[in-house]
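Listed features, source TrEMBL:
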- 12-32: transmembrane segment (TRANSMEM)
- 44-64: transmembrane segment (TRANSMEM)
- 84-102: transmembrane segment (TRANSMEM)
- 108-128: transmembrane segment (TRANSMEM)
- 149-168: transmembrane segment (TRANSMEM)
- 174-195: transmembrane segment (TRANSMEM)
- 222-244: transmembrane segment (TRANSMEM)
- 250-272: transmembrane segment (TRANSMEM)
- 284-304: transmembrane segment (TRANSMEM)
- 310-334: transmembrane segment (TRANSMEM)
- 346-370: transmembrane segment (TRANSMEM)
- 376-398: transmembrane segment (TRANSMEM)
Amino acid sequence: MATTNPPSPAMLLMGVAGLYVAQSVIGGMTWTGLPAVMREAGVSLDRIGLVSLIALPWVLKFLWAPAVERYRLPVAGRNRSGSIVLVGGLVSVLGLISVGMLDASNWTGLFTILIVVAFAASTVDIACDGFAVQSLAQRHHGWANAAQVGGAYLGAALGGGLFLYLVGTSDWRIATWSMAGLVVLLGMPFLFRVVRRMPVEARHHVPSLGHALGRPLLRRGLIVAAIFVLAQKSALGMIAPFLVDKGVELTTVGILNGVGTLLIGSAAALIGGACVRSWGIRPVLLLALALQAAALSLLAVAGWTDAIPVPVLMGVAIGSTSGIMAFGFVGLYAQFMRWSDPRQAGVDFTLFQSMDALVSLAGGVVAGYLAEAFGYGPLFIGASFVALASVPVIMRFADR
């Protein structure tokens, strides 16, 4: 095995963090920015709820994850993560450029292109997750979780916040093409500083879904992922349209998502990492559920009445979508890393994330129809009850 000049842990973390931020720029633009823009363009809530269907490749990526892992980790030779990232990144950038050429009300065209982008980004994510688990020693996994979750919130701040701000101050095309440029810049550290220094290795394990699903720890992790994601994410896609309907300007929503997500989400991710290290995983997940239930209850009150001032409402919204989510998902992703087999980490971690995406997709679609049919109040209070009902399940299945 050749080990000449392998990349340092700091270099690995920098490269991986850039990829996580880039993927989240796309996700933030798609699931946070796009719904608000579509709402301002007059698109109905039930169609906005269909934005969640763009997550379909993230749900199904476990189907091609073994093939990606077998290509990424050949029997002999260098890790091929770089070529996967390069091709997937090019497809994503070209897709975003194409999106900028369409009108924001052309929801069928937007959905079609963004599903292709999601397929490319989800394939890159398989390689990125597998690379992180495999390449970093266990003592560095905490930093990897911080890079993953913190990078996700930084990317969401750019894709959901800066994107909306640019839409409000310039136009849709400039905003979308700016996001494409960011994706290019964020992928460069990994491509030029990390993968060129990977050693040549010999491997004996063949990644497969059968091996993954045969492990009890992984099956238990899928249950934990489904319950926790349902409780945390099901109604969050309706918060931005809710603020717009409450009279908050689109530019203000963009600033809220950008600055609030960047500061609160990043800080909460760091706090979550420290709490996981000090308390363990289960207490972090339980506290996140309790806090989310409280936040959703306040949003429900705001949906029924005008008793909550708009500034307070905006604070609750950013706390729910950024602070609580970041705090809780650091714990959830730490659990995912522990339960992933390093020999096929891309497959194992992908199964966890596919469950996350499946529940998010279904919850987002249902939330859109419920909000359109019954209003925001019943939607948010129902989601609050789901969070509270999830506590006993998490207590039983999550690690201490």
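Keep in mind that glycine also has a Cβ here, set from the backbone N, Cα and C atoms.
TrEMBL labels come from automatic prediction, so no person has curated them.
Fewer than three CB pairs closer than 8 A are found between the transmembrane segment (108-128) and the transmembrane segment (222-244), and contact between the two stretches is not assigned (pairs 6 or more residues apart). In summary, the transmembrane segment (284-304) lies against the transmembrane segment (222-244): three or more C-beta pairs, each 6 or more positions apart in sequence, are under 8 Å.
Between the transmembrane segment (12-32) and the transmembrane segment (376-398), the number of CB pairs under 8 angstroms, six or more residues apart, is fewer than three, so the stretches are not in contact. Within its own chain, the transmembrane segment (222-244) has Cβ neighbours under 8 Å at 31-32, 35-36, 39-40, 45, 48-49, 51-52, 160, 250, 253, 256-257, 285, 288-289, 292, 296, 299, 303, 313-314, 317, 320-321, 324-325, 328-329, 332, 335-336, 351-352, 355-356, 358-360, 363-364, 366-368, 371, 376, 379-380, 382-383, 386-387, 389-390, 393-394, 397-398, counting only residues six or more beyond its boundaries. Contact count against the transmembrane segment (149-168) (Cβ pairs under 8 Å) is highest for 250-272, out of 84-102, 250-272, 310-334. Distant neighbours of the transmembrane segment (44-64): 30-31, 34-35, 38, 107, 111, 114-115, 118-119, 121-123, 125-126, 209, 237-238, 241, 347, 350-351, 353-354, 356-358, 360-369, 371-372; these residues of the same chain sit at least 6 beyond its ends, with a Cβ under 8 Å from one of its Cβ atoms. Residues 19, 22, 26, 29, 68, 71-72, 109-110, 113-114, 116-117, 119-121, 123-124, 126-128, 172-177, 179-180, 183-184, 187, 190-191, 195 of the same chain sit 6 or more residues outside the transmembrane segment (84-102) yet have a Cβ under 8 Å from a Cβ within it.
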